[in-house]
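Enquirer: This is the structure, below, for whatever I ask next.
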Amino acid sequence: MQLLCVFCLVLLWEVGAASLSEVKLHLDIEGHASHYTIPWTELMAKVPGLSPEALWREANVTEDLASMLNRYKLIYKTSGTLGIALAEPVDIPAVSEGSMQVDASKVHPGVISGLNSPACMLSAPLEKQLFYYIGTMLPNTRPHSYVFYQLRCHLSYVALSINGDKFQYTGAMTSKFLMGTYKRVTEKGDEHVLSLIFGKTKDLPDLRGPFSYPSLTSAQSGDYSLVIVTTFVHYANFHNYFVPNLKDMFSRAVTMTAASYARYVLQKLVLLEMKGGCREPELDTETLTTMFEVSVAFFKVGHAVGETGNGCVDLRWLAKSFFELTVLKDIIGICYGATVKGMQSYGLERLAAMLMATVKMEELGHLTTEKQEYALRLATVGYPKAGVYSGLIGGATSVLLSAYNRHPLFQPLHTVMRETLFIGSHVVLRELRLNVTTQGPNLALYQLLSTALCSALEIGEVLRGLALGTESGLFSPCYLSLRFDLTRDKLLSMAPQEAMLDQAAVSNAVDGFLGRLSLEREDRDAWHLPAYKCVDRLDKVLMIIPLINVTFIISSDREVRGSALYEASTTYLSSSLFLSPVIMNKCSQGAVAGEPRQIPKIQNFTRTQKSCIFCGFALLSYDEKEGLETTTYITSQEVQNSILSSNYFDFDNLHVHYLLLTTNGTVMEIAGLYEERAHVVLAIILYFIAFALGIFLVHKIVMFFL
């Protein structure tokens, strides 16, 4: 429905001065016209603060033709509208029959019984919360005042600045349209402004005369348009460093669903962050395009909600879409220091937190993958209203433990598992970044399992994803692991050697991976581990393995005040390798734990499958030249049996060693399988010698009697 309101001001002249007596209102709704006359005094009572003088100035009906023509000539006109036939997706799914309808403004305990209960949220109250703020959508400043009437309304916005306030971007949005405005102040103090407007053509704001949208529209398809508003001078200035592919920008904004579009933008930002684009952002096409796309991601969610009118929005869709926006909000805050106002519903957050309170977090890993992801998304969305943080970590850890137990050893994560763990990781990330986690075992277990999943093949898969720009580079357990040994040379040796991969792209992928593992990141800190206080030289730590009752700190020097000290002294490592168990989180009283102990060898490693005698232990492998390879945490008999029945131990490579780390702080090297093989080979050789000797003796006896 399009509503056109035309105010006719009737001026009565009294003593040479103009005064407003009444307002004549003409309403034209889809061809049906109505006329009303409202006394000004009555209108002022209903709308206090409404100034007739301001209305008169804004209408500018006395503007002469020359001024109007000059204003028209200043504004940039497109060379032509790019018409594209695009398929517009059905974003919000139909609400299932029997769904509980929830009013976002009236969420109370017990409104939904649990995760299995279908539910939806009424669109109108939800939209009102998303666009709660009142602000100036269309400012009374040039060039906007040349083209639009000033507009204040309920809105949301994304705002950021680069180089102080020299460059600013604001993506202001209603549920109808988005206006992304770039503003740059030059060294001379000149200000250049350019705006991109996206939305349904029929819902775009009214224009001043003599403008029309066809001359301003860059791209159009079906219901949607992309409009440029700037002056010719400002356009020429921006064109020096901002030449966006408007066709691609517009096509993605129209054809992608809200959640998939937000994920696309998130992936761009992750890659940008890894390349250092956050620390030193370039004012180029890629950066400026990404800024606009960030605001489009937020707009598409609010727009989809608004398009349902007086309907109801499926809660699963809301959980998925607002999870993506939450993650996106986190990274633009970290990357650009961006501010997001609005696009947040306290009703949705409260409902999500209440639903999570009905779930036994420690049993979350036993649910289906679909329910795990739904619950973890709700946990992220409802985090501000959750209250109890440790329970959420327990849920993410339960899901990770379940995935770890059924994951093949040393294999990269498959797509579905990577997505599930990516969703769960943001519960952990939020607590680490907000510095609210206490010394809980759940977080230690989460990081231990992440460390165990960070194998050479997993690293290779992530590097491939980063080099090709695919989603496999978006998340890896390595990002939340306690591995600190991954250098550039080591990562290059793990990178896939494929003809399709450009070596420059691989090199950039390695740099990005290293950037993601930077110790300056909050999520790479191990401050929450009690044994952390026993470490004096953090730059010498290679890996931390927190087991039950003992934490092993592997380092390249002896400066760890642990309960004991082991050294891999029989190797040819270019740098030393020390293992310091910290038992019951108690540091040694002295500077170090004394002289290194000899690591004993197990010559007969038993292949038992009847009981889990190694549960709670960890296996650590290292190469005499390359250093640490990987660690495996034995969580169950299935994991133990998988280790014993597979080719886990590569004893053909005599330069690789396997250490067993126990829960009492003891370290042992496993060499039994190699010794078994040697005994078998020796037995075969002795049998062959005996057989040959027997044949020789028989030959001599036969020859003697002949």
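Glycine is no exception: its Cβ is also placed from the backbone N, Cα and C atoms.
Take a look at what Swiss-Prot says about it:
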DISULFID  CYS278-CYS335  disulfide bond
DISULFID  CYS454-CYS478  disulfide bond
DISULFID  CYS534-CYS587  disulfide bond
DISULFID  CYS612-CYS615  disulfide bond
CARBOHYD  ASN60  N-linked glycosylation site
CARBOHYD  ASN435  N-linked glycosylation site
CARBOHYD  ASN549  N-linked glycosylation site
CARBOHYD  ASN604  N-linked glycosylation site
CARBOHYD  ASN664  N-linked glycosylation site
REGION    165-229  region 'Interaction with gL'
SIGNAL    1-18  signal peptide
TOPO_DOM  19-682  topological domain 'Virion surface'
TRANSMEM  683-703  transmembrane segment
Enquirer: Could you tally the C-beta atoms, other than its own, that fall within 10 angstroms of the C-beta of CYS612 (disulfide bond)?
Expert: 17
Enquirer: Restricting attention to the region 'Interaction with gL' (165-229), give the mean pLDDT.
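Expert: Per the prediction, mean pLDDT sits at 91 for the region 'Interaction with gL' (165-229).
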Enquirer: Sorted by position, what residues of the same chain at least six away from CYS587 (disulfide bond) have a C-beta under 8 A from it?
Expert: ALA531, LYS533, CYS534, ARG561, GLY562
Enquirer: What count of other C-beta atoms do you get within 10 angstroms of the C-beta of CYS478 (disulfide bond), across all chains shown?
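Expert: Excluding its own Cβ, CYS478 (disulfide bond) sees 19 Cβ atoms within 10 Å.
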Enquirer: If I take the Cα of CYS615 (disulfide bond) as reference, which of the recorded positions CYS278, CYS335, CYS454, CYS478, ASN549 has the closest Cα?
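Expert: Result: the closest of the recorded positions to CYS615 (disulfide bond) is ASN549.
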Enquirer: Just counting, how many other CB atoms are there within 10 A of the CB of ASN549 (N-linked glycosylation site)?
Expert: 14
Enquirer: Please tell me which one of the recorded positions listed here (CYS454, CYS478, ASN549, CYS612, ASN664) sits closest to CYS335 (disulfide bond), measuring Cα to Cα?
Expert: CYS478
Enquirer: So of all those disulfide-bonded residues, CYS454, CYS478, CYS612, which one's Cα sits nearest to ASN549 (N-linked glycosylation site)?
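Expert: Among CYS454, CYS478, CYS612, CYS612.
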Enquirer: Going by Cα-Cα distance, which of the recorded positions (CYS278, CYS454, CYS478, ASN664) sits nearest to CYS612 (disulfide bond)?
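Expert: The answer is ASN664.
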Enquirer: Counting across all protein chains present, how many other Cβ atoms fall within 10 Å of the Cβ of CYS335 (disulfide bond)?
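Expert: Excluding its own Cβ, CYS335 (disulfide bond) sees 19 Cβ atoms within 10 Å.
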Enquirer: Using all protein chains in view, find how many other C-beta atoms are within 10 Å of the C-beta of CYS615 (disulfide bond).
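Expert: So the number of other Cβ atoms within 10 Å of CYS615 (disulfide bond) is 15.
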Enquirer: In the structure shown, with every protein chain counted, which of the disulfide-bonded residues CYS278, CYS534 has the densest set of Cβ atoms within 10 angstroms of its Cβ?
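Expert: Answer returned by the neighbour count: CYS534.
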